[in-house]
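J.: After the structure tokens below, expect a handful of questions from me.
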Amino acid sequence: MLPDKKAFKESLKALKKHVTQDKVCDIRQHFSEDEQRFARLSIRLDDLLFDFSKCGVTLDTLQLLDNLAIAADVLGKREAMFSGKIINTTEKRSVLHIALRLAADKVFILNDRDIVQDIQSVLARMVKFSKMIRDGSYKGYSGERITDIVNIGIGGSDLGPAMVTSALKPYHDGPHCHFVSSVDSAHITDILADLNPATTLFIIASKTFTTTETIENARVARQWIHSHLGENAVGVHFVAVSSAIDKAIEFGIDSSRIFEFWDWVGGRYSIWSAIGLVVMLAIGDQNFRQFLEGARQMDQHFKDTPLHQNIPIRFALLGFWHRVICGYSSRAIVPYEQRLVRFPAYLQQLDMESNGKHVSLEGRPITFSTGPVVWGDSGSNGQHAFFQFLHQGTDIVPVEFILFVKGHEPNLNHMHDILVANCLAQSEALMKGRSHEDVYHTLMNDGGESDEADNLAFHKSLQGNRPSIMLIQDLLTPFTLGRLMALYEHRIFVEGILMNINSFDQWGVELGKEFANELLPVIRGENEADNRDGSTLGLLKHIQNRYVE
């Protein structure tokens with residue numbers, strides 16, 4: 001079935017009318033009227049609980065959203081992705097990061113080739129190499145064991161691997177892993193300052209092997225090895241993860257240490273491919289397979305579960321409701337798990353690079369707001385930073401809480417109890433708020449003066465009725481992390497379907513790159529600053545004058 005544009009417009013119109021009705025978004029009233037609201041508005045998948053009962057929706061809202069999903073042909077486009085059809089239309093590519101998670105005994109034919117065999121072949125090479133590094137049988141040029149890995153990449157070659165490696169710290173039993181992404185020389189300088197060239201291995205992670213930031217950092221690392229160990233050491237201390245095998249070889253990396261991935265794997269979805277080599281080195285191949293298995297479970301759930309019980313689809317519909325219908329311009333990601341402190345930054349790329357688009361699949365301007373601003377921090381830090389804004393700011397920001405029932409430190413369970421209590425409390429406080437009247441009576445009971453109490457009560461009252469979603473799993477493990485990440489991948493894909501955009505390209509990042517290439521020789525004094533705007537000319541002049549001084 002193709003999208004039904006007429007039915008979609010009617011569904012959108014019905015939703016916009018529905019949101020204006022009295023009490024539709026009154027979460028507190030919904031709970032007072034329905035004792036079964038939590039049961040009706042939550043979904044479970046094994047130990048994963050997806051609770052959206054604190055969103056301003058009713059059963060009627062959900063039905064209208066389901067109608068919208070049907071009109072947009074969410075199920076048909078889901079099938080198109082899983083069958084390998086070209087859904088990245090502007091780049092004419094299939095979108096098959098899901099294939100990277102398939103079991104080894106599956107078959108997936110793309111262009112007359114079983115890509116599962118290709119995937120498993122690269123995975124087997126990753127396993128063999130990681131075991132050699134981890135057991136010490138792979139030696140550096142001087143015969144010493146490799147103790148430190150430096151992953152050089154940016155965007156999807158950095159955000160995912162760095163986040164996952166940090167999140168799975170309790171499972172680390174391999175070499176120390178470091179990440180360099182910025183072209184700011186301070187980044188690689190500070191990392192290398194604490195490392196020994198003889199025991200350091202570099203992973204150059206770049207799909208095209210042309211990304212400026214990555215290649216500049218790789219050259220610095222190459223020179224560092226060359227100056228300390230000699231040119232012959234370069235091939236021993238570097239591996240590459242890339243689609244551009246020839247460019248990696250030209251850089252000086254032996255073909256046996258180049259791990260391939262394919263053009264049907266988008267950068268921000270590449271953690272499941274050889275880009276995840278650094279993760280495997282840190283946690284071992286069995287834990288890495290569990291990571292893939294967790295994502296596979298969510299893939300299966302997304303593929304096979306009916307619409308009304310499908311967590312990624314329901315998650316996406318709520319995101320559409322908040323962004324397009326309610327007009328909330330951002331969403332806050334708040335993991336109450338310190339090891340997921342980098343998860344919001346990872347989701348920023350996954351979400352905003354995917355759905356930060358202004359034209360439809362047909363190349364026409366979109367008439368409603370698309371992807372929201374995605375931001376956040378770990379829960380404990382957030383409470384002492386931006387939660388004031390969430391509770392009393394003039395903008396309503398839906399919050400997505402991520403919580404785990406248990407921690408990895410059983411001797412410190414009392415601290416985890418405090419963490420859980422704070423997460424649940426913030427979710428409840430955002431919804432319930434505190435009225436001026438309640439605050440006033442409390443102040444008066446504490447012996448306050450009437451006029452002063454009345455004024456102070458305005459400052460201390462909270463409107464409440466602020467929506468939030470809660471995602472709870474038992475424990476942060478490779479499996480549960482993989483499942484969580486796949487959930488967000490599919491949610492963002494479905495939101496893109498509802499917005500009628502291509503979630504798998506990123507043309508918006510190209511113009512800045514072009515301008516940077518034009519400006520670099522100007523900054524170096526090699527070219528004149530022709531055809532620049534007045535502001536840029538002024539900035540260039542200031543920088544050049546200050547540099548001379």
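Yeah, the Cβs are placed from backbone N, Cα and C, and that goes for glycine too.
The active site, proton donor annotation in Swiss-Prot covers E353, and the record cites sequence analysis as its basis. Marked as active site by Swiss-Prot on the basis of sequence analysis: H384, K513.
Thinking about packing and proximity, how do these listed features fit into the structure?
T.: Annotation for E353 (active site, proton donor): spatial neighbours R268, Q506, V509, criterion Cβ-Cβ under 8 Å with sequence separation of six or more.
Shown in sequence order, the list is empty: the chain has no residue 6+ apart in sequence with a C-beta less than 8 angstroms from the C-beta of H384 (active site). H384 (active site) falls within neither a helix nor a strand when secondary structure is assigned with DSSP, and so counts as coil.
Within 10 Å of the C-beta of K513 (active site) there are 11 other C-beta atoms, taking all protein chains into account.
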J.: With H, G and I counted as helix, E and B as strand and the rest as coil, say where DSSP puts E353 (active site, proton donor).
T.: helix
